[in-house]
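Undergrad: Pulled the feature table from TrEMBL, pasting it below:
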DOMAIN    53-194  domain 'VOC'
DOMAIN    212-351  domain 'VOC'
BINDING   Glu274, His301, Glu347  Zn(2+) binding site
ACT_SITE  Glu347  active site, proton donor/acceptor
Amino acid sequence: MSVRSIHAAQRLRLLLPSPSARRTALNPGTLRFLATATATATMASTTETKNYKFNHSMIRVKDPKESVKFYEFLGMKMLKKLEFPEAKFDLYFLGYDSPKAVSGGNNLWDREGLIELTHNHGTENDPNYKINNGNVEPYRGFGHTCISVDNIQAACQRLEDAGYRFQKKLSDGRMRHIAFALDPDGYWVEIVGQKSLELTEGVKETDVETYRMNHTMIRVKDAQKSLKFYQEVLGMTLLRTHENEKAAFNLYFLGYSESTGAGEGTADREGLLELTWNYGTEKDEAFSYHDGNKGPQGFGHICVSVDGLEAACARFESLNVNWKKRLTDGRMKNVAFVLDPDGYWVEIVQNERFTGKDNF
C-alpha cells in the first residue's frame, strides 16, 4: 500500500465509526480515489516554482479570422475560444498540438508557448483601428514572438509563396540566419532554425508539426532588475545570454528548464522569454518602455500558470510584488496580474492539472 493510501486509510478510520463501514470503505478503489484527491488538494494549497509554466503571450488583433488563419498556417491549432459577449470581446488560444509538439495533448493551462489573440468586437470593421506592434517609437516595448522551424529556408519560402509579408527576409542585412515575418496586424514573428543554416541549405520541404513557439521578446530598461524578478519571483532559469558590445545590447533567454524541451540548446524549446537590454537605459530616470496596454494598444501580457493559485499569490505578496490585479479584485476571482519592473503585465492562472477543475 502506498504512503498516500495509508494516509487515506487512517483518515477513514477516524471518520467511520463502525468496523463494518470501515471494511466496506477500505477497498483499493476507494483508497486510490481518496489518495489522489488528497494529493491534489495538497498540491493546490502549496506552490513550487518548478511547477510553473510560461503558458501564453497575449496580443490584441483587429480581425480574428485573418489572424487565426495566419497562425494556423504556421502550424498552430485553435485549442480554445472563450467568448464574453457582455463585455464584447473574445479570446482565441492557439498552440502546437501535434504528437511532435512538446506540450501536445496537455490541457490548455498545462502547456507552454501558446498565443492568445484578443479581439474586441467591431475592430475588424473600423478603418481607423490600428494595432501598436511595439516596434515603433515612441511606443516600443514588446518586440516579437518567435517560431523555430526545421528547415528555415523552406519555411520562409512557404510563407512568401502564401503571400505573407516580411519585416526582414533571410537575404536581408548581415544576419542571414534569422528572418522576421509580419502577421496580419504587423506584429513581428521571428523565424529561427532548429538546425544550422548550412545543414538546411537546398532543402525544399518543411514540416509544420515540428515547429515550436520558441520565445516572446520584450525590451527591458534595467537588465539586473528584470533578471532578478523573473528568476527570484517567477522562478525562471537563465538559459542563455548573448552579449553584443559593438551594438550595445544584450539578450537574455529565460524559461522553466524542466519543461521547455529536451535539447541542450534553446531553438528546440518552447515557452521561453527573451529580455532585450539596450546599454544605458537603466541610467536614464525619464526612460520607460510602453507596456502595450496604454494607448495605442497591442501586446497585452504574458501568462504563467501555477500549481496552486492562492498559494502562489500569497508567495508573491510576501515578496512585495507590485500588483495590477489581486485575486480579490474585480469580478474575475480566478486570475491575478502582477507587474514586472517595466510595468509589463504578468497574468497568473491556475494549472488545471493540479486541481482537476476547469478555470473557465
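Just so it is clear, glycine is given a Cβ too, placed from its N, Cα and C backbone atoms.
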Undergrad: What residue among the binding-site residues Glu274, Glu347 has the most other CB atoms lying within 10 A of its CB?
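TA: By the 10 Å Cβ neighbour count, Glu274 comes out on top.
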Undergrad: In the domain 'VOC' (53-194), how many residues does DSSP put in helix, strand and coil?
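TA: DSSP classes over the domain 'VOC' (53-194) add up to 26 helix, 53 strand, 63 coil.
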Undergrad: In the domain 'VOC' (212-351), how many residues does DSSP put in helix, strand and coil?
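TA: Residue counts for the domain 'VOC' (212-351) by secondary structure: 24 helix, 55 strand, 61 coil.
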